[in-house]
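Per TrEMBL, transmembrane segment is recorded for 14-34, 46-64, 70-94, 106-126, 146-165, 328-351, 363-384, 396-420.
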Amino acid sequence: MGFWSLFLVASEPIVEVLLIGLLGAYLASAYSNVLIPSARRDMNKVVFSVFTPSLMFASLAKTVTFEEIISWWFMPINIGITFLVGGVLGWIVVKILGPPRHLQGLVIATSCAGNLGNLLLIIIPAVCEENGNPFGDQQICSARGLSYVSFSMALGGFYIWTYAYSLMRNDGKTYHGSQSQSNGSTEADRTGSCINEGANLVEEDDQEFSTNQENILLSIQVAENQIELPLLSSGNLQGKRVSFWHKMKETLHKIVDELLAPPTIGAIAGFVVGAIPWLKSLFVGASAPLRVFEDSIKLLGEGTVPCITLILGGNLTQGLRKSQIKPVVVFAILCVRFAILPAFGIAVVKAAYELGFVPYDPLYRYVLMIQFTVPPAMNIGTMAQLFDVGQEECSVILMWTYVVAAIALTIWSTIFMWILS
């Protein structure tokens, strides 16, 4: 196929995302006021808890086999490389441009954590359904593409809710710590001014306060300080002794929480059913006794893509607010995500293929390449709301990255398909 034909194939899914996203933005605007923030939160909960797990289970249970799961071993490494390279580049951006301390984790997180699930759920099936796609039969391509995307979503969610989560949590601690210190200094200044005013009144009212009484009060204060200092020092020593096992327990607790997230449970259940033949025969197939359950789950999963796209368009309207992020920082993130990472991804996937780490399947290699090209994960906005830090700045970054992604994804997707065809 020619480059222009591939460009048309790659552009149509992006145009679909833009059209539905614009509808979501209109529904979230003051003109319609349908997708208000509370409605988007409730809708997002339904998508997270019901629709996405259903789609992941239905797609994985139908197409995945145990042999294929083993052959996909490079995908978690590939996603790890995207986080590693993006994190290093984000750290360089932070060191060069120097954003505020409570936004440094946000810059690194948006540089390394890509939308490895929701957006691919829209793009990959849409590319497969185009007549001129270079990946073969439409139905087979769509089914296998959904399996790759489900695996990508499960792995990406694990990376995002561990590494990016820790970055945003540290930003929240930094921000609220500085806020409490500034509030404390303000209160101290107010208290000091009140004490000075009271002292002046005492001096005016009682000029004859004896020196002996002052010495008695001073000796009492010294005695109190001698009692308090050992207690404070021992408390600091105990505070500095951070248990290694306590840190390990917190890390394991976060990992378990991620594994118990509904999308991850849906993916794990789909892998189990797909990998075990007798379980697969119970749910999948024309003569499967539990086929009605698989059909019902598939029907629920079909609501994932339109709901996600509407929510995406509605959430991006928050990026019109004012923020403390500098335009040059946003431009640097755009360069990282849509210039450096995609070029690096081509080199990584081609090297892995030449070394025999990746199977021949062009669609699988296309998914690996496009994992380097997607805009930042929308979950980062959820984390910003969770820790109440950088919400306006996060909205600005997400808005511009998703606007530019409409062009960048089309161009890079065309290049990827041209390389693989």
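Using the three backbone atoms N, Cα and C, a Cβ is placed for every residue, glycine included.
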Report yes or no: does the transmembrane segment (363-384) come within contact of the transmembrane segment (146-165), defined as 3 or more CB pairs under 8 Å with a sequence separation of 6 or more?
yes
Would you say the transmembrane segment (14-34) and the transmembrane segment (146-165) are in contact under the rule of three or more C-beta pairs closer than 8 Å, pairs 6 or more apart in sequence?
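Answer no: the transmembrane segment (146-165) and the transmembrane segment (14-34) share fewer than 3 Cβ pairs below 8 Å.
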Checking distant contacts: for the transmembrane segment (328-351), what same-chain residues at least six beyond its ends satisfy Cβ-Cβ under 8 A?
78, 81-82, 85-86, 89-90, 93, 96-97, 99, 107, 110-111, 114, 358, 365, 368-376, 396-397, 400-401, 404-405, 408, 412, 415-416, 419
Report, as numbers and ranges, which residues of the same chain sit near the transmembrane segment (14-34): CB under 8 Å and 6 or more residues beyond its ends.
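Residues 40, 119, 122-123, 126, 306, 309-317, 402, 405-406, 409-410, 413.
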